[in-house]
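Per Swiss-Prot, these features apply:
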type	residues	note
DOMAIN	15-125	domain 'MTTase N-terminal'
BINDING	Cys24, Cys60, Cys89	[4Fe-4S] cluster 1 binding site
DOMAIN	142-379	domain 'Radical SAM core'
BINDING	Cys156, Cys160, Cys163	[4Fe-4S] cluster 2 binding site
DOMAIN	382-448	domain 'TRAM'
Amino acid sequence: MADTVLNSAPSKAAPRISFVSLGCPKALVDSERIVTRLRAEGYELTKTHQGADLVVVNTCGFLDSAKAESLNAIGEALAENGKVVVTGCMGAEPEQIREVHPSVLAITGPQQYESVLAAVHEAVPPAHDPFLDLVPAEGVKLTPRHYAYLKISEGCSNRCTFCIIPKLRGDLVSRPAGDVLREAERLVKAGVKELLVISQDTSAYGVDLRYATSPWGDKEVAARFLDLAGALGDLGAWVRLHYVYPYPHVDAVMELMAAGKVLPYLDIPFQHASPTVLKRMKRPASQEKTLARIQAWRAAVPDLTLRSTFIVGFPGETEAEFEELLGFLEEAEIDRAGCFKFEPVRGADANALENPVPDAVKAERYDRFMRTQQKVSARRLKRKVGTRQSVIIDTVTPDGGIGRTKGDAPEIDGTVKVFARRPLRVGEIATVKIEAAGPYDLSGTAVGF
């Protein structure tokens, strides 16, 4: 995700903070929590580093390329302002930051909200103004008003060999279901039309709580993936499930999708298709069972959109194993796919595996993957031509707007160019007749008015 520099209306005596958020949606939610606390204490947010009293940079440390981006952002903040507090995933390895930028004021790790606030207080004491507008009940959101990320847990208890998330964020810690639902309800009442459910491992939600129930309204709701998804589906907003590890119980969510409670969309990171590669990754490794499950899912939910992510060039990946992956893309007909060339990450067990793949081979396989996936995506989208789709409008244009179908998440998936005879509104859900399809995007005309 691109860096996000926040802004709010100035207040005469309030200290001004510039805030940069890097990385994934989970990090963006962390940023929202910090910003909400800062606003509640009277701090103002500004777009420019130069006009701020302090800069906070929420970093990403998952890949070396992300670390480089984080270090660059810190350097820019130091050059333009000079007073910088660093937090986020890269903050778990402070020596790397200090080596490049020894003058940062403080470094904290992910989810260390109190430590961030303490560092801000020390550098720029708050000047609380009792006449400031109250912070909204749903908190300060960094997304457009019509959609919001809903984080249901922190950390991950899996031990994939390519990943260091458990070392950065710890094991799975789920939020009580009642807490999640109250936040979701506040968001919907504030105008949010789409809830994007996120975590490091969404389908493991509640395992650490032993699926304990907690109160919500006049009933008790279990901290269980299926129960939570069903309750969220009763709030009247689109509910989109992200980062769903392919456990067997995920099959049951198809009933909620078929009933219209949850969007027919599943973001499920398969990572590869070759059983031998998956074994080295310490991921579920039965391609035959996975294909059979996908067929069953699509039989139950014909309009299901599958998004996934894959890694090419994993240590030891042979040409035959890579060909298995390409064949899986074709046979499974994955609608949307992200692809990453394997990068050694300090602290990852995969670094010790034999037979690293040369960078040139990684690049060549990445290109072949993307060409194959583009064909699959184009074929899947072409089937939508002539159909009517519900489209949520993200941007208004002179001749209509740009939006997304139920099969498209913001920022990572495709869009729909919508032509309309009347002005559209951001957040509106329009019925659109699809008239053309490309490799990733659609276009059509709004109908019904």
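Backbone N, Cα and C atoms are what each Cβ position is placed from, and that goes for glycine too.
Structure with Swiss-Prot features highlighted.
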{"residue": "Cys24", "record": "[4Fe-4S] cluster 1 binding site", "DSSP (3 states)": "coil"}
{"residue": "Cys60", "record": "[4Fe-4S] cluster 1 binding site", "DSSP (3 states)": "coil"}
{"residue": "Cys89", "record": "[4Fe-4S] cluster 1 binding site", "DSSP (3 states)": "helix"}
{"residue": "Cys156", "record": "[4Fe-4S] cluster 2 binding site", "DSSP (3 states)": "coil"}
{"residue": "Cys163", "record": "[4Fe-4S] cluster 2 binding site", "DSSP (3 states)": "coil"}
Cys156 ([4Fe-4S] cluster 2 binding site) CB neighbourhood, other CB atoms within 10 A: 22
Per-residue Cβ crowding (10 Å cut-off), top of binding-site residues Cys24, Cys89: Cys89
Chain-internal residues near Cys60 ([4Fe-4S] cluster 1 binding site), provided their CB is under 8 angstroms and they sit 6+ positions away: Leu22, Gly23, Cys24, Ala27, Ala66, Lys67, Glu69, Ser70, Gly88, Cys89, Met90
Environment of Cys24, Cys60, Cys89, the listed [4Fe-4S] cluster 1 site - residues of the same chain whose CB lies within 8 A of the CB centroid: Leu22, Gly23, Lys26, Ala27, Thr59, Gly61, Phe62, Ala66, Gly88, Met90, Pro110
Neighbouring C-beta atoms (10 Å sphere around the C-beta of Cys160 ([4Fe-4S] cluster 2 binding site)): 20
Mean of the pLDDT scores, which run from 0 to 100, over the domain 'Radical SAM core' (142-379): 94
Beyond the site residues Cys156, Cys160, Cys163: chain residues whose C-beta lies within 8 Å of the centroid, for [4Fe-4S] cluster 2: Asn158, Arg159, Phe162, Ile164, Ile165, Pro166, Gln200
Cys163 ([4Fe-4S] cluster 2 binding site), number of other Cβ atoms within 10 Å: 22
